[in-house]
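Written below as structure tokens is the structure these notes are about.
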Amino acid sequence: MCVSRRRNSGRPILRVRAPHLLRARPHRRSKLKHRRISRKRATLAGSAVVALVAAGFTFQTANASDDVPAFGAKTLSADAAGKLATTLDRDLGADAAGSYYDATAKTLVVNVVDEAGAEQVRQAGGKARIVENSLAELKSARGTLTEKATIPGTSWAVDPVSNKVLVTADSTVDGAAWKKLSAVVEGLGGKAELNRTAGEFTPLIAGGDAIWGSGSRCSLGFNVVKGGEPYFLTAGHCTESVTSWSDTQGGSEIGANEGSSFPENDYGLVKYTSDTAHPSEVNLYDGSTQAITQAGDATVGQAVTRSGSTTQVHDGEVTALDATVNYGNGDIVNGLIQTTVCAEPGDSGGALFAGDTALGLTSGGSGDCSSGGTTFFQPVPEALAAYGAEIG
């Protein structure tokens, strides 16, 4: 992938920056498959001794086996691994149990529930890993959490490394809410794990230096093209509250909202209404830029970079996909990318990318860039599909 480091010229341009909103929290709007035999049953049938381990509320023991050799595992880039993961997830069907990129070995690790699936993975060039919980079972566990534990300040996502649903509670979850959440997670047994995070889950909304609207500030995510016309993507909780934008406080309009989706999703589309230059680049805050040529899906284990006007450029890793986060006030967002990239108020709506590939728009999270934290991103491909747009 190519990195463009073009020095800034004297011509005013509007690059990809991380949106932030300085105002109150936004208003709410709105092939046959082998039949597998459970490993648990096989263990009970083949042994007279069953070890029962009580782990309290946090289930630390993974139900996965790493003893399957990586026959023929291909050396892959993160991008190639992501494409292989998509193909295998489709081909494995009910035998699929998630996957992640091993950045050290440069291989795609694919979870499966039986040897037939493992052989299919090896033939495709992945490293097979037989685990206890299928992806369908983990999705069912997520459904239980949605039904019984929809509590502000919580999030959950399937973690393919531990083969569990990782449930996280922020500092606001205590008392009866904590007891309720703990009981639900405990009831899910080896399918879930409960953890705490410092701080509070919130959309990362605050002042920035990119675009202004109605006394509030945000900054764009990625420049895109729709029907041959220029637009940009930003966070939905920005476009939910502001209808038009300028590139200076009190300045002339440069764009007007064309669409907004928040909560449930967190993306918005703004159409340029001026002749402001709009290159498909991300500001690297060192006088250079990163060219963006395509959009893609993130992969667990992938190294990623975030650009934001508050904390500028920071790196991290994708830890989960299809995450759900409850920001409170009924603002629940689904299908997010969960990462270890730090972020702070003012970075909201900013660009998450890997090389020249656009991955996400900063939604929210907890912690900061001094102590670290968890940050969630709206996938870019979903937003592009919703609006019929493309990177450009």
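All residue numbers here begin at 1 and follow the chain in the order shown.
Cβ coordinates come from backbone N, Cα and C, glycine included.
Annotated features, as they stand in Swiss-Prot:
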- 1-64: signal peptide (SIGNAL)
- C218-C238: disulfide bond (DISULFID)
- H237: active site, charge relay system (ACT_SITE)
- D266: active site, charge relay system (ACT_SITE)
- C342-C369: disulfide bond (DISULFID)
- S348: active site, charge relay system (ACT_SITE)
To the nearest Å, how far is the Cα of D266 (active site, charge relay system) from the Cα of H237 (active site, charge relay system)?
6
Give the distance between the Cα atoms of C218 (disulfide bond) and S348 (active site, charge relay system), rounded to the nearest whole Å.
7
Using the alpha carbons only, what distance in Å do you get between C369 (disulfide bond) and C238 (disulfide bond) once rounded?
22
Among the disulfide-bonded residues C342, C369, which residue has the fewest other Cβ atoms within 10 Å of its own Cβ?
C369
Distance [Cα-Cα, Å, rounded] between S348 (active site, charge relay system) and C238 (disulfide bond):
8
Where does C342 (disulfide bond) sit in DSSP terms: helix, strand, or coil?
coil
Please give me the CB contact count at 10 A for S348 (active site, charge relay system), counting all chains in the structure.
34
If you count Cβ atoms within 10 Å of each one, which of the recorded positions C218, D266 comes out on top?
D266
What is the interatomic distance between the Cα atoms of H237 (active site, charge relay system) and C342 (disulfide bond), given in whole Å?
19
Could you state the CA-to-CA distance between C342 (disulfide bond) and C238 (disulfide bond) to the nearest Å?
20
Cβ neighbours of C238 (disulfide bond) where a neighbour is any other Cβ within 10 Å:
35
